[in-house]
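Beneath this line is the structure, given in structure tokens, with notes to follow.
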Amino acid sequence: MNDSTNPAIVAALLAVRDRAYAPYSHHPVGALVISESGTHYAGANVEVAHYKGICAEASAIAAMASAGERLLREVWVIGPGRHLCTPCGDCRQRIREFADKQTRIRVVDGQGRLLKEYDMDALLPDSFGPENLAS
Ligand SMILES: [Zn+2]
């Protein structure tokens, strides 16, 4: 599971990042999520002129949820450079919605080399999730 050099994952990340629509930020990001069934869902950031675009992680999670799946096993994120391109605050909450204790979030550099791995507690400590709404 923790194979940072998995060529299929890296190829999918590079491909989806290259399809990002980022004419305003010039910061293309790709995400690949692996669901409970093992299906891969990819997403890229898609910007719009009024700057309220959608992040790559949100795009990939929306694809997974739209397919009827509700559990993230792995989340992979790739940015354009060598720096950590970590999920933003909004995406951390979106990941949290579909994560469990086993979910792993991995950020790779622009070439696909693993930079950092998180579990949900590290990514969003003391997070608020669906069970917090239970009476
Ligand atoms: Zn985001």
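Please read every residue number as a count from 1 along the shown chain.
Each residue, glycine too, has its Cβ placed from N, Cα and C.
Taken from TrEMBL, the feature active site, proton donor applies to GLU57. GLU57 (active site, proton donor) carries a helical DSSP state (H, G or I).
Look at TrEMBL and you will find ASN45, VAL46, GLU47, VAL48, ALA49, HIS50, TYR51 tagged as substrate binding site. Taking a C-beta cut-off of under 8 Å and a sequence gap of six or more, ALA49 (substrate binding site) has these contacts in its own chain: TYR24. DSSP assigns ALA49 (substrate binding site) to coil, not to a helix or a strand.
According to its DSSP assignment, CYS88 (Zn(2+) binding site) is coil. Taken from TrEMBL, the feature Zn(2+) binding site applies to CYS55, CYS88, CYS91.
Annotation source TrEMBL lists domain 'CMP/dCMP-type deaminase' at 4-131. For the domain 'CMP/dCMP-type deaminase' (4-131), the model's average pLDDT works out to 96.
In the vicinity of ligand 1, defined as a Cβ distance under 6 Å, the following of the binding-site residues ASN45, VAL46, CYS91 are placed: CYS91. Comparing CA positions across the recorded positions CYS55, GLU57, CYS88, CYS91, the one lying closest to ASN45 (substrate binding site) turns out to be CYS55. Over all protein chains present, the Cβ of CYS88 (Zn(2+) binding site) has 13 other Cβ atoms lying within 10 Å. Cα to Cα, VAL48 (substrate binding site) and CYS91 (Zn(2+) binding site) are separated by 18 Å.
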